[in-house]
Amino acid sequence: MAAFLEQTFFHYALLSFYLLGPPTFIALRFFQFPYGKHNRVGWGPTISPPLAWFIMESPTILLPLILFPSGQHFKNPKALLLMSPFLLHYFHRTIFYPLRIYQSTSKQNTKTTIGFPLFLTVNGFLIQALNTYLQVRWVSHYKSDYDSDGGLFWWKFFGGLVVFLWGMRINMWADTVLLVLKSENGGYKVPRGGWFEVVTCPNYLGEIVEWLGWAVMTWSWGGLGFFLYTCSNLVPRACASHKWYLEKFGEDYPKNRKAVIPFIV
């Protein structure tokens, strides 16, 4: 009975994740969450951005420690291997990325840093808790073809891993460029070089590519749902950032750049 109830909960959680995508995409076409370059006052209490990022991403570190050992595939080396790219990304995002933000802001000449809205921190925490539950529970418990897919596991894993690592490299490189630029003069400048010559937000492009690779690796509805939700969240934000750069820098901003998908969007 308990197993049936948990499986029912998993299915409804998966359905809710898919239902979140379309309204998120539509809403972000007209309204941007107030953080980063889109930050503005009047959105309630704020906390420091490094702390906010740590709190938002913390479920990706904590929940695997709780959920993975209870899965039926806990001791399966393939399950452990499959979970590792997800943990690699979020160990960086939860621990190292907030530290990099802190170091960057501490080097700025300004005395104050705009805080991160607390309500967004809570919202991000809940979304990550839902997503992490779906990904971890699938890999550790519900995926049933580790040894019965005729060797396709390895094709999907290594094919998706190449895509994932490529996207992670783009994402981390772009984050580094942006943090360095911001720490140098305490404000925004036009990023140059590499993927910035093609798109305004290669950091978002990299993350989208990462979770496409993850969807291939897991070959699951949960992985696909995460990829689609990432697109629904980051594509409209990238378009808004592209518009922001054009308005701020005018003729100094390269007109041939797209927002996030090279040559398309």
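Any Cβ shown, glycine's included, is placed from N, Cα and C.
Per TrEMBL, the feature domain '3-oxo-5-alpha-steroid 4-dehydrogenase C-terminal' maps to 116-264.
Under the heading transmembrane segment, TrEMBL lists 12-31 (among others).
What TrEMBL records for 51-68 (among others) is transmembrane segment. Sequence-distant contacts of the transmembrane segment (51-68) (same chain, six or more residues past either end, CB-CB distance under 8 Å): 35, 74, 83, 86-87, 90-91, 93-95, 97-98, 101, 116, 118, 120-121, 124-125, 128-129, 132-133, 136-137, 139-140.
Annotation comment: TrEMBL describes 114-134 (among others) as transmembrane segment.
What TrEMBL records for 154-174 (among others) is transmembrane segment. Listed as Cβ neighbours of the transmembrane segment (154-174) (distance under 8 Å, sequence separation of 6 or more from its ends, same chain) are residues 81-82, 85, 88-89, 92, 191, 194-196, 201-203, 205-219.
Note: the domain '3-oxo-5-alpha-steroid 4-dehydrogenase C-terminal' (116-264) comprises 112 helix, 4 strand, 33 coil (DSSP; helix = H, G, I, strand = E, B). Here the transmembrane segment (12-31) has long-range neighbours at 127, 130-131, 133-134, 221-222, 225-226, 228-229, 231-233, 235-237, 239-240, meaning same-chain residues at least 6 beyond its ends whose C-beta is under 8 angstroms from one of its own.
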